Amino acid sequence: LTLDMPVHWSSTNLMLHLAVNLRKAVDQFVQEIIWVEANAAKSAKLHHLCLSDAEWLRVRKFLELLQVPDLAQQSFSSDCFPALHIALPALEALHAVWSRCLTEAHYQPFHSALEKALDTVKEYYDLTADSDAYIIAMVLDPLEKLSQIKQTWPEVLYAEVFVSAKRIFKERYLQMYPSGVITTVKKSNKNQKLRHLLSLGDMASLSSSPSTSPAPNPTSAPDTSASPTPPWEQAFNKYLDGEDEITEDTTITTWWGLNQARYPVWASLARNYLPVMASSVSSEWAFSGAGITLTKRRNRLKADIVEVLQGLKCAMRHDLLIRPSGPTLALEEELLAEADQEDKLIDSIPPSATDSGFTMELDLDSDAE
């Protein structure tokens, strides 16, 4: 059994989950404590530790409520993949499920706790408005982009999100391309020569064929009735209006690594926003791991040793140290024994047997006779 710890997320859920699975063992353990207790007053107090069937049912109902935030926390607490884009949808789903539980009769004993929990979720949700990182991270999800926000949020909020995303993109665009135009990478000379030859072929075909289009009038002024879309807005809409796909085994970071040439400005935003952690779980793990390493018995460890130990623990936790086992002493002895047997077998063959297969067969037949 595990105990609830105030500094450990979901520890109450884990404690009750193990208790329900080990219900028979828990009841038997409490009964044995009562039997061995000689003091009648203490034995009477221990009887209160025995849970009835109704109390175990309440534990199960409480466990159902705790599993909802546990799933939400697990969804955006990853330290290996981007999870900030899941934070707002997870909080919205948590609020929706608990609000529905608040109206159900069999959760009546927990109504007071649910009301306080919903207030806490709303407080967390309101705090996300202080940063644009949550919204931009959702937009950087190539499967969702702005579709989820458009479907679930009111039109007024969606308009605010769109304007905010547009402003952030424009600022980054002008930082990367002050001239206002995306500069492409210069190709090799071989590619330039090939394009030049192709252009010459196109010009030759045009000159040999009669032109059906009227010659342009150099004196006519360009049509300025329709204002052209700025280049930064074209790049902004190119990603949002595009139909991009991502496979199940491809992470968002991998997808942006493969598509950064198509959307350079969006890829720059992805490098800034996607690494942001949605929760403090990973940092708390690091501090807790350092606290386990630096104990009173190890208070003279230097910084370099602590760093190596922390890196080693992280590599072991993520299975980065598993390698094919090298040769052992037993394996070497086994290989040497096999080599000795082969040498003895070769030495036992008469010299004449190596001349030809036919001679060896005759010698073996003669030995057998």
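Yeah, the Cβs are placed from backbone N, Cα and C, and that goes for glycine too.
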TrEMBL record, region 'Disordered', of the ranges 232-254, 347-369 the matching one is 347-369
Taken over the domain 'HAT C-terminal dimerisation' (238-312), the predicted model's pLDDT averages 87
